[in-house]
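The following features are taken from TrEMBL:
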type	residues	note
DOMAIN	227-480	domain 'GP-PDE'
TRANSMEM	41-65	transmembrane segment
TRANSMEM	85-113	transmembrane segment
TRANSMEM	125-143	transmembrane segment
TRANSMEM	163-183	transmembrane segment
TRANSMEM	190-212	transmembrane segment
TRANSMEM	492-513	transmembrane segment
Amino acid sequence: MADPPGCCSTCATCLLCPYSCQWITPKKEKRKGLRTTKYDCSWFLFLFCVFLFTLVWLYFAIIILNDFHNFNEFIFRQRKLWLDWSQVLLIATAVLISYSSVLLVLALCLQLCGHPLKLHWVHKVLLILAALVVAAAFTGLGIKWAEEWKSARVSLQATGPFLHIGTVGGMTLLAWPLASFIYRTRNTGLRVFLLLVYCAAMIALYLAPLGITSPCIMEENQLPPKPALVGHRGAPMLAPENTLMSLHKAVECDVQVFETDVMVSADGVPFLMHDEELTRTTNVQAVFPDRAAQSTAFNWTDLQQLDAGSWFLERRPFPTVQSLSPGDRNETTKQRIPSLEQALEAAKQSNISIMFDLRPENHSDYQNFVNVTLRVILRSGIPLQKVLWLPDGFREDVKQQAPDVQQVYGRKRLKDEKEPILHVNLPYQDMSSEEIRQYRQDNISVNLYVVNQPWLFSVLWCSGVSSVTTNACQVLKEMKHPIWLLPSSTYLMIWIVVDCVSFLIIIWAFVLLKKCSHRRQPAESETDVLLTKINSLMQE
């Protein structure tokens, strides 16, 4: 088989060596009579599927970074081990996608050069392992973190138009090796099958924008106001969560609401704490090594002995910890568990609202927790309109004792609602863009949590959400505009141009490679005759 024009012997050898794990020169290849068999084609198809599989997982890995801090907390509660598992995820995903991408590029280049696709058995084993690892990752995601499938659907509203353009571009480039293979193979049935599949895929892609919807496809003058920011436990990327320092950092980020969690000590003092155990965010194991770390089992005097800031510097729950100034580091080490009274005073002085949940909901003395917390609020002097009450337990009692407190519901409104709901607080996965718009029209304030990534904030901004709870207030504060905003007419023009350019490139690829195949046929025929004569002489 003669080398195609532009594919030198050295290049061909360099392509064959890493793909086949053998140093095969084109001369050796001709002498051995190596050709791509159906078995080799099946492995190429498997390689292509593994590449697509890992590519989809890469997309998921990037999407779930918004919620990965929750996963880190979950692992700590289960194993008492803190690690930023997002870095492990990204490194492993990068290795898988890089490996499959390199092999696929090598295979496509070999096909264009007219050389056999002899994948080495080591690559075959590694590809099977890669497919199993990604399958296990998807399975684990579906079992333990099923809400992330909803996150992926939300993400398509931000990435759909660009995924369409990228997929059209990739499938257009695939026309070159496909045309090369079609003109080389002598199997007419296979030719027709591949052409039909490819044409069907391209037609589906060309028409895909008919099913792509995004709230950010709108005119500039239709863009709703920027959502207000709610500091999730304050500003946990800049200071230890649920501390006064975190509250003050959140105020610097222009948050309008400080979101926190309240528990009640053994002697009846409400204080800020998210976990039912003190292990993650304090040094309780060092101060009280012989006691159980249950948050509500400690009295207020004992709680005040705990360091609620040094863990932040030691475990570095977010990459932003590394960039803290010396002054902030010093202040972090001085943080203690604040009482609800202290937090209310700080919120009052900063003129921001405070929203909290009361934990644990299943405690036998929960009604007393509600009464104690309510007394502290009424005694604090903070305007009750600045207090957003999340707990569902004994809500009617709260309404009677403090009717001016803002009631926030962790559910959607019901059809037979007895009294109108004015505020809802839900995970961002649980509300569609259409529902957000409807609630906005009905003057219902919608707060969605937890929103950290700019792409997600942009989608919710375009949808018209009232506010978002975030860990990254310092990032979202700087956003003056959604990441992208396209008028429908502009998107239509981009759609038509991309499809037309893609179609022309595909036609050009098939026409050009057909001419090249005609030029090679005489040379290949002469080579085949010569090889036949040599084989006959050797047999004699």
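A Cβ is built for glycine as well, from the same backbone N, Cα and C atoms used for every other residue.
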Feature contact check the transmembrane segment (190-212) with the transmembrane segment (41-65), CB under 8 Å, 3 or more pairs: no
Residues from the same chain, set at least six apart from the ends of the transmembrane segment (125-143), whose C-beta lies under 8 A from its own: 46-47, 49-50, 53-54, 57, 60, 64, 92, 96, 99-100, 103, 149
Of 85-113, 163-183, 190-212, whichever stretch has the most CB pairs under 8 A to the transmembrane segment (492-513): 163-183
Within-chain partners of the transmembrane segment (85-113) [C-beta distance under 8 Å, separation at least 6 from its ends]: 3-4, 7, 11-12, 15-16, 18-19, 44, 47-48, 50-51, 54-55, 57-58, 61, 65, 68, 71-72, 75, 119, 123, 126-127, 130, 133-134, 174, 176-177, 180-181
PLDDT averaged over the residues of the domain 'GP-PDE' (227-480): 96
